[in-house]
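Single-structure report; data block below.
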């Protein structure tokens, strides 16, 4: 999860450099290979970074806890818009990917879905989610896994929400993960990505949290490779100037996709 800050923000100190799955520096380099076939070391460094982040909203938002409200508010509006358009029909089960301590799970998904799963790489953050979220009968499974290894149960979810975490995946792992997500949604399910955009035609690497910020054309190309089509998108509003643009995309399997056709024959979850 990574938001994006311009280099002038560095003067406010190290707290601003702790860019979470939601904050990212536009002054970062392009030194790491996003097409690497051996990204294990980068993934390990990213895990180490997040294991040392403070386990609260401030830590999850890279020192910008005040962005929590506009973030969640517009995400709620985006989901409501998907429902009105008929793209999001059921509310039985959702999955929060790169969930951290459960900020999005608690404030966005649990109020809207009967059951919610979380997947998060860092065990300590998952453990913290118990007290952060508190007792909630809607809270279901909590998986400790990197998205490069996570395989959703087929036809389980009405919504898979992926926020400020896809930048930790190489391009090939990004595509493979979204292919698995495609199999993880129910017949009328939907996949949503909310992430930073580099705002230019190159990919920016952040050597603090070891993640990349992609440009929009590349993200759309990767969706196509994964067999997904965008049905709705929206740019985040209300964030300070100097941050990378943040955009939400809602995707469904591309028509004619064999997995989508096979899913129609699966029994409906109760």
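Yeah, the Cβs are placed from backbone N, Cα and C, and that goes for glycine too.
Annotated S-adenosyl-L-methionine binding site per TrEMBL: 98, 103, 147, 148, 163, in sequence order.
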Tertiary neighbours of residue 148 (S-adenosyl-L-methionine binding site) (same chain, Cβ under 8 Å, six or more apart) = 39, 43, 169, 170, 173, 176, 177
What are the non-local neighbours of residue 147 (S-adenosyl-L-methionine binding site), defined as same-chain residues 6+ apart in sequence with CB under 8 A from its CB?
-> 97, 98, 119, 121, 162, 165, 166, 168, 169, 173, 177
